[in-house]
Amino acid sequence: MLNVLLRRKAFCLVTKKGMATATTAAATHTPRLKTFKVYRWNPDEPSAKPHLQSYQVDLNDCGPMVLDALLKIKDEQDSTLTFRRSCREGICGSCAMNIGGRNTLACICKIDQNESKQLKIYPLPHMFIVKDLVPDLTNFYQQYKSIQPYLQRSSFPKDGTEVLQSIEDRKKLDGLYECILCACCSTSCPSYWWNQEQYLGPAVLMQAYRWLIDSRDQATKTRKAMLNNSMSLYRCHTIMNCTRTCPKGLNPGLAIAEIKKSLAFA
């Protein structure tokens, strides 16, 4: 008789525990829907104006980054949504876009967990658009090519060894070589918006400075001459949007100031 009573009590405890677990699981899976308003424009429909399209994503079933939400939308709701992405870890710069009013990388931009706040996503500002969130970076890369971003020397070691660099000279490149050319800084700059055909912009100028101070490079005079005109460099008015928005925490504004200083005392 005692064994029967103990078994009944144990069964009741297990049943209550199971019900509590089920209740907790149900609460956990209560949808947490957040609205993402995404810029849409299709070049195949030139008469249609650009617009914001709303999508709802359950934050319980989505990764923590904005790129996770965009991928989920594309995979499950709208396969026509177009954007660039690759590494998903802030290295390649492909997923640069304007999120919540700020240029950044979608793969390292965390989603605000407040479901009541809508999140607006646009392509990088003041650029020609290929489709949806994809900007045309042709001019940006042409400008980068124009500064000749590679080591230039008139002579090399005769024995075929590498061109060595001291630890101190190598440290001068810190904060410059890490640039991933995502264009977040350049497309946040009003001067670049005004004339991106002639003003090189923060990203390209920072790379120009990177080669100007590389102790192994022997084209310093040529590089300075290329920049010493009224448009390529001096359209920078130290607005500093570039430094504030850089997703890698770099300081293009400082690099531009250093170029100006080097030209002033050349």
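Heads up, residue numbers simply count up from 1 along the chain you see.
Glycine is treated like the rest: Cβ placed from N, Cα and C.
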Same-site [4Fe-4S] cluster binder from Cys109, Cys246, given that Swiss-Prot records Cys179, Cys182, Cys185: Cys246
Which of Cys95, Cys107, Cys179, Cys246, the listed binding-site residues, has fewest other Cβ atoms within 10 Å: Cys179
Surrounding CB atoms that lie within 10 Å of the CB of Cys242 ([3Fe-4S] cluster binding site), all protein chains: 30
Candidate binding-site residues Cys107, Cys236, Cys242, pick with smallest Cα gap to Cys185 ([4Fe-4S] cluster binding site): Cys242
